[in-house]
Amino acid sequence: MSTLSIILVSLVAVEHIYILIMEMFMWTKPRTLKVFGLEKSFAEQTKAMAANQGLYNGFLAAGLIFGLLHSNPVFGFQLQVFFLSCVIIAAAFGSATVKKSIIFIQGIPAILALLSVLFL
């Protein structure tokens, strides 16, 4: 696996850990409200839902990290391809249903990481 691939996959994992932190622990904080463009009252009403969504983002990050660290490089490769594909699909769906910028924020980094994993 190339150094570039390791860096790109790691960045996607770190991004999803950051999203986990915002959604699970900082959902009603001013910075998170600004990032997601939310009103405080809406954030309060959706706190449990956001925490659940944050947990899923954590699973994506965990899968990518596990893929990077797995002792069997073939299985690690398969994990990375699977979890990067999940991120890309989630980004496409989020971009189509919630906010167009999701494809750029989450999708493009995952696409670049996937291409790197597959071809470098």
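Cβ coordinates come from backbone N, Cα and C, glycine included.
As recorded in TrEMBL:
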TRANSMEM  6-27  transmembrane segment
TRANSMEM  48-69  transmembrane segment
TRANSMEM  75-94  transmembrane segment
TRANSMEM  101-119  transmembrane segment
Long-range Cβ neighbours of the transmembrane segment (48-69) (under 8 Å; 6 or more residues past either end): 6, 9-10, 12-14, 16-17, 19-25, 27, 76-80, 82-84, 86-87, 90
Tertiary contacts of the transmembrane segment (101-119), as residues 6+ beyond its ends and Cβ separation under 8 Å: 1-2, 4-5, 8-9, 11-12, 15, 77, 80-81, 84-85, 87-88, 90-92, 94-95
